[in-house]
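Asks: Dumping what TrEMBL says about this protein:
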type	residues	note
DOMAIN	3-130	domain 'Nudix hydrolase'
BINDING	R23, H28, E34, F35, P36, G37, N119	8-oxo-dGTP binding site
BINDING	G37, E57	Mg(2+) binding site
Amino acid sequence: MDNMIRVAVAVIQLRDRILIAKRPQHLHKGGYWEFPGGKQEEGEHAEHALIRECFEELAIIPVKYSPLIQIEHHYPEKSVILDVWTVTDYLGVPQGIEGQPLLWCPIKDLEDYQFPEANLAIIEAIQAEMIEV
Ligand SMILES: Nc1nc2c([nH]c(=O)n2[C@H]2C[C@H](O)[C@@H](COP(=O)(O)OP(=O)(O)OP(=O)(O)O)O2)c(=O)[nH]1
Ligand SMILES: [Mg+2]
């Protein structure tokens with residue numbers, strides 16, 4: 001489908017925690033928790049979108065990252081392909097550059113937060129693949 005929106009999503013891991021952010025109220029899925037990220041631009045490589053979104057939303061630069069999962073999801077109002085990456089090292093200290101609240105959530109507690117529907121599969125992948133250290 002050519003009206004799919006491709007989204008780069010960063011699962012930023014520090015030991016047994018993942019960084020989550022609260023989506024600004026005025027956006028699609030506003031008020032839900034999310035993994036930082038955003039829309040891939042026309043002609044942009046997926047990795048570049050990941051790095052750019054981390055910088056724009058958190059002021060960090062990922063240096064160690066790998067693909068985790070790709071999810072196609074159809075919301076009533078739009079269809080997305082979430083291109084999800086695990087980020088295990090980065091430069092800088094994450095800050096909510098767009099005023100979004102940030103939280104380092106223990107991996108085992110992720111299901112206690114309200115995420116968009118498509119994120120269920122991401123949380124399952126995190127809990128299945130990430131070894132708690
Ligand atoms: N960033 C992010 N987006 C998600 C997640 N789960 C999920 O369904 N989405 C959807 C919601 C949005 O429709 C889309 C991401 O768009 P976005 O609003 O973050 O895009 P963006 O940062 O480029 O922002 P903008 O273009 O609206 O300024 O993907 C998630 O965990 N993180
Ligand atoms: Mg975003």
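The backbone N, Cα and C atoms fix where each Cβ goes, glycine too.
Nobody curates TrEMBL annotations by hand; they come from automatic prediction.
How about a rundown of where these features are and what they're close to?
Replies: Neighbour count (other Cβ atoms within 10 Å of the Cβ, all protein chains): 19 for R23 (8-oxo-dGTP binding site).
Secondary structure at E57 (Mg(2+) binding site), taken from DSSP and collapsed to helix, strand or coil, is helix.
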Asks: Would you identify the secondary structure of F35 (8-oxo-dGTP binding site) according to DSSP, in three states?
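Replies: Assignment for F35 (8-oxo-dGTP binding site) reads coil.
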Asks: Which residues, sitting 6 or more apart from E34 (8-oxo-dGTP binding site) on the same chain, put a CB under 8 Å from its CB?
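Replies: Sequence-distant Cβ neighbours: V9, I20, A21, K22, R23, F115, P116, N119.
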Asks: Between the binding-site residues P36, G37, whose Cβ has more other Cβ atoms within 10 Å than any of the rest?
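Replies: Counting every other Cβ within 10 Å of each candidate, the maximum falls on P36.
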Asks: Applying a 10 Å Cβ distance cut-off over all chains shown, what neighbour count does F35 (8-oxo-dGTP binding site) have?
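Replies: So the Cβ neighbour count for F35 (8-oxo-dGTP binding site) comes to 25.
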